[in-house]
Amino acid sequence: MTTVGILGGGQLARMMALAGAPLGLRFLVMDNVADACAGQFAPMVVGDYTDEAALAEFASRVDVATFDFENVPAESAQWLTNRVPVFPKPRALATAQDRLAEKTLFRELDIPVPPFASIDTREQLDAAVAQIGTPCILKTRRLGYDGKGQFRIKTPADASAAWEALGAQAGKVGLILEGFVAFQRELSVVAVRARDGEFRAWPLTENWHVDGVLSASLAPATVDDAMAATAIGYARKLAEALDYVGVFALELFCRDGELLANELAPRVHNSGHWTIEGSETSQFQNHLRAVLGLPLGDTRMVGTACMLNWIGAMPEATAVLAESGGHWHDYGKQPREGRKVGHATLRADSATELAAALVRVGEALGREAQVMPVVLALRP
Ligand code: ATP
Ligand code: MG
Ligand code: MG
């Protein structure tokens, strides 16, 4: 019996455990809160990620370790590698945890990025705002997620407010200033690399964010094959450079036919949730296969799919369940403003059918604004 250890016990760990059950896998989750939602399906070690005693207990009970949470301290991940195989490897995790290291690597690999500058002081911020120009975004280098730890600078006069909001973080997690990309589309490549280097990507996904948080994903994205191939090529180059093992997502902006890399998420990704029903093999199952050294599953799509995120509180399920391609995912979390509590995936055989299902669900749930951009993208 193989036990997979997962650092972080949120919905990603929960869906990983569900995907691993048919493979006969057992799971052990470590989280710093006792009510983490993966704990409903897997035994848990509750402890801080820097607590050696908790990490030692975790390591002693698992055969391999992976992450549902990308901000596990890289030193803790490194510490674990002396006791148990850890995938993705801590070096890949460390790079993806730091927006500056990540963007520097993108540039080294000739993957286009928005202009960026490392910021440690107020003077550097003013100089960088002048150089990069407005609008731009000040972000913490580390620990940000769901758009947290970011401040949008619309005019140079906003620099003071940005420094007030994030300046205190400069000495702690570091800051980075990025040019704001006036993109037409946001895309992501969700891909997997096996221990032996085999690489597979799912069809490109198109994403819509509201206030920095993912709202909807559509696969396949409405881009031509050449652009999809370029995006997947970037993902492959990155995975090889990092000797990456497991599933990851590369987030991209598409502006006037050009792709610019935003960030690499070193884990299964929200924009890949549609793969559970929309692909031959889900991202969760393929992540497990990769970290366990099993053959990877096919990543081809079954029809077309749209995922809708439920943020804050779960809506009524009936309208989605009434759809022939409707699938419901309730993460079993307490409602809380801004929190990802669940998602739905609508799957259909054609774009027209998918658009019609989205319109029905949007109307029934009063979420027209959430489905509308996807419906528009699906128009021939
Ligand atoms: P997550 O890890 O949850 O995807 P995050 O907190 O790491 O989010 P980003 O991905 O950097 O944050 O930003 C969240 C969203 O904010 C992006 O998907 C995009 O919509 C917008 N955004 C971020 N950076 C830029 C930029 N340089 N130009 C334009 N929009 C941006
Ligand atoms: Mg991120
Ligand atoms: Mg992001």
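Even glycines carry a Cβ here, placed using N, Cα and C.
A TrEMBL annotation is a machine prediction, not a hand-curated record.
Annotated features in TrEMBL:
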type    : residues                                                 : note
BINDING : ARG99, LYS139, 144-150, 178-181, GLU186, HIS209, 262-263 : ATP binding site
DOMAIN  : 103-292                                                  : domain 'ATP-grasp'
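Not one of the binding-site residues listed as ARG99, LYS148, GLU178, VAL181, ASN262 brings a Cβ under 6 Å of any atom of ligand 2. Packing around TYR145 (ATP binding site) is summarised by its Cβ count: 12 other Cβ atoms lie within 10 angstroms of its Cβ, all protein chains included. ARG99 (ATP binding site) has a Cβ environment of 24 other Cβ atoms inside 10 Å. With a cut-off of 8 Å between CB atoms and residues at least 6 apart in sequence, the same chain places PRO114, PHE253, ARG255, LEU260, ASN262 near VAL181 (ATP binding site), listed in sequence order. In this structure, LYS148 (ATP binding site) belongs to neither helix nor strand by DSSP; it is coil. With a 10 A radius on its CB, ASN262 (ATP binding site) counts 21 other CB atoms from all the protein chains. Every protein chain shown contributes to the tally, and the Cβ of GLU178 (ATP binding site) ends up with 21 other Cβ atoms within 10 Å.
All chains included, 12 other C-beta atoms sit within 10 angstroms of the C-beta of LYS148 (ATP binding site).
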